[in-house]
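Listed in Swiss-Prot:
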| type | residues | note |
| --- | --- | --- |
| BINDING | HIS127, HIS131, HIS137 | Zn(2+) binding site |
Amino acid sequence: MTVLEIDLLDETKNLLDEDKQLVENILQFAAEYLKIEQGTELSLTFTTNEGIREINREYRDKDQATDVISFALEEMGDGETEIDWGEFDLETPRMLGDIIISTEKAEEQAKDYGHTKARELGFLAVHGLLHLLGYDHMEPDEEKVMFGLQKEVLDAYGLER
């Protein structure tokens, strides 16, 4: 069953179809596992270290490459007014936001951790999805919850270290 509508973009043009399919399969599995509403949408972009570095610099004031960045559309920013979508009779699907993954950073980390690039891409995709759902790891208690759920999803899928 397809729960998520995933708009996938490979800016690198180097990602294997099998890797893209694995990441989509893991995200679909995670969506079912986490009981995400059918038809929910997200975008997933694969980019280079330089591409993610530019995004990190522009939006997070960090001038360095990172592995994954998520932009949650349901997360309130400073000075934003919350909209109660329930008062509107809309048939629009839920849009979670954007996940951006550096394939180069995924390769580097896979080598460092001694597992496959595919495993690292799957890990980063689930990590990004959890951020879109509001999970974070800035505080130790948040980290314990998020990383525990991340491991639970990956283990249930069968993608272990």
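Along the chain as shown, residues are numbered 1 onward.
Backbone N, Cα and C atoms are what each Cβ position is placed from, and that goes for glycine too.
Within 10 Å of its Cβ, the residue among the binding-site residues HIS127, HIS131, HIS137 with the fewest other Cβ atoms is HIS137. HIS127 (Zn(2+) binding site) carries a helical DSSP state (H, G or I).
Compute the center of the Cβ atoms of HIS127, HIS131, HIS137, which mark the site for Zn(2+); besides them, the chain residues with Cβ within 8 Å of that center are VAL68, SER70, GLY128, LEU130, TYR135, ASP136, MET146, GLN150.
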